[in-house]
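According to TrEMBL, the protein carries these features:
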type	residues	note
ACT_SITE	SER295	active site, nucleophile
BINDING	HIS73, HIS182, GLU484, TYR527	Zn(2+) binding site
DOMAIN	1-556	domain 'Neutral/alkaline non-lysosomal ceramidase N-terminal'
DOMAIN	558-721	domain 'Neutral/alkaline non-lysosomal ceramidase C-terminal'
Amino acid sequence: MGYANTEQIASGIHFRLRARSFIVAEPQGKRVAFVNLDACMASQLVTIKVLERLKARYGDLYTEQNVAISGIHTHAGPGGYLQYVVYLVTSLGFVRQSFDVLVDGIEKSIVQAHENLRPGSIFVNKGELLDAGVNRSPSAYLNNPASERSKYKYDVDKEMTLLKFVDDQWGPVGSFNWFATHGTSMSRTNGLISGDNKGAAARFMEDWFEQNNTKSSFSNELETDGIPRRVSNIIPNIHNNHHELLELAASFQSSRGRPATKILSVARRVRSALRQADKPGFVSAFCQTNCGDVSPNVLGAFCTDTGLPCDFNHSTCGGKNELCYGRGPGYPDEFESTRIIGDRQFRKAVDLFNKASEQLKGKVDYRHTYLDFSQLNVTLPKQGGGSEVVKTCPAAMGFGFAAGTTDGPGAFDFKQGDDKGNPFWKLVRNLLKTPDKKQVDCQSPKPILLDTGEMKQPYDWAPSILPIQILRIGQLVILSVPGEFTTMSGRRLRDAVKTVLTSSGNGEFGSNIHVVIAGLTNTYSQYVATFEEYEVQRYEGASTLYGPHTLSAYIQEFQKLANALIKGQSVETGPQPPDLLNKQISLLTPVVMDSTPAGVNFGDVSSDVPANSTFKRGSMVTVVFWSACPRNDLMTEGTFSLVEILQGKDKWVPMYDDDDWCLRFKWSRPSKLSPRSKATIEWTIPQSASPGVYRIRHFGASKGLMSSIRHFTGTSSAFVVA
């Protein structure tokens, strides 16, 4: 989900996706719950169903008012879990399995946080991270007033805001931070499920804390590959003789695939095996904010045919948008780019975490309302004095939307910055829905490609009712927005809310206030560009659904929420968004059955490690197993792949699983119509790996023709790491 590329089909796991939650509660008072979700964005339907479950479990303790679910914007997560048609086309409609696993995971995360509520303190810290994001639409940014641009040193926000959670008994138990950069380090050709750069940063920091929370020096806590050490020194190095290791390894040949219980995979998962039951696990979340025009591909955008920079105004190469791609710092290796951008965020977060000293003090509070963004009245000041009332519009997407961005270009002859449109594509558009003059005028200067807000068949194509929300924790204020604000849009919104809170008259905040935007929260409605950026109609402006005054509408309504918050007033609930679950259509073919060649078991090794093999750190070990479709069981509490080390003569200890950066699980069928499939497991041996005897295991589940699901496991021959 993210690139809208029908050919981008999930085919394995880079590392696992998580829901990470914090709850802050006043004793005998109000509370807020914030969920950082490893997915492209929040979904209105997911939010509705999570809240229904929380109500059944806790009554009115957690509601739409005080729960925020924010997506990190990875473009390597599942699709098919939103409820509006336009976001389901490229996933072949609604995918119930993806939807259910997101709802389940978010609920479990909130329940765990609720059950872990204990007395503690929260500290806040801020700092600049300079090399993890660049503006991918600089020509649009330059259309903002020069006087406004002169207030800022950069054309993207470089500030990271971090919270450090400290348990009165256990000490530090978590950190959440907000920083703006897109989840597009992994490209539109990637097929592995991945949390992209923010998911990687979270994995790095949680592993860093687990391994190093007793150390004070940061300099020795990272290996040369930039990935934290984790479990390497749990296993004592009992064999120093290489010949002895080879002999031991030779005694463990690959075993035939065999039936297994589902719990076996869960029990072998590395982090569950190491978890201390009596101590809360450390949770680190890297949250998304106003990332609308911010790319992690920091080397710039270049033409794939010439190697020259793309056209500045339109991001084209010889007039074609599909040749213009942004380059990450690890170019041409997107995995390395993801690691580097994740590592940069991780290092900055550790620095802020270690130095956080300002404690959050004061009230916990919140305000939330639903608004119909298809017809909001917005009061704007006029240049000569006085004011005028303008309106937002029903949702529509412009021609520049179809051009894509330098992170993932579109196709055909679309280009960013198109404020006229194309006669041929207007004919195609009119087959779906011809916008009337009122809508054309309202959305001007956007030429309408898809009039999604007025398309209702077979059900709504785009949202009209959106949630906005403010969460307050002492002097920290979180603005939950259901979209992607550009850099300048975010700055304007933050400043507008800060002005209301600091000029309230009671001096409760003064100048000591931290305002962050939580992007892609509670539902999704694409982009929010400034009025001036909208005029240029680059991708972000063309994807600003509700017309040129969308940002002004947000600012106006958030100012109302902020006023109500500071004055202790209630706000109207507003019109409820629709629940379209029963209308969803899915065209995704279910798994019919799995099979293997005659004489082959599920889990048998198809391609083993070489006999008597020794591998050095940094090299890759590859094993291929006969497998079955991963959709039979997503192993959400288990693992598809596992690296084990031999302890003593016969005890195998889990070391790395499919939630580790160094281990990749790749699944493939020889042909779409074949019931046979294979799993390739690739382990890039970390620099921190202990010398010893290792083996690789695969867990899976096969489906019989009569719908029976049976779990299996397979094991490679042993090998030596020296």
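Even glycines carry a Cβ here, placed using N, Cα and C.
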Cβ neighbours within the same chain of SER295 (active site, nucleophile) - under 8 Å, at least six residues apart: GLY133, VAL134, ASN135, ARG136, THR181, HIS182, THR184, GLY326, THR405, THR406, ASP407
Output field, Zn(2+) shell: CB within 8 Å of site CB centroid, site HIS73, HIS182, GLU484, TYR527 dropped: GLN288, CYS291, GLY292, VAL294, GLY483, GLY519, LEU520
Other CB atoms within 10 A, centred on GLU484 (Zn(2+) binding site): 30
Spatial neighbours of HIS73 (Zn(2+) binding site) that are distant in sequence (at least 6 apart) but have CB under 8 A: GLY2, CYS40, MET41, HIS182, GLY183, ASP196, LYS198, GLN288, CYS291, GLU484, GLY519, LEU520
Neighbourhood of TYR527 (Zn(2+) binding site), C-beta criterion under 8 angstroms, separation at least six: GLY292, GLY483, GLU484, PHE485, THR486, TYR539, GLU540, GLY541, SER543, THR544, LEU545
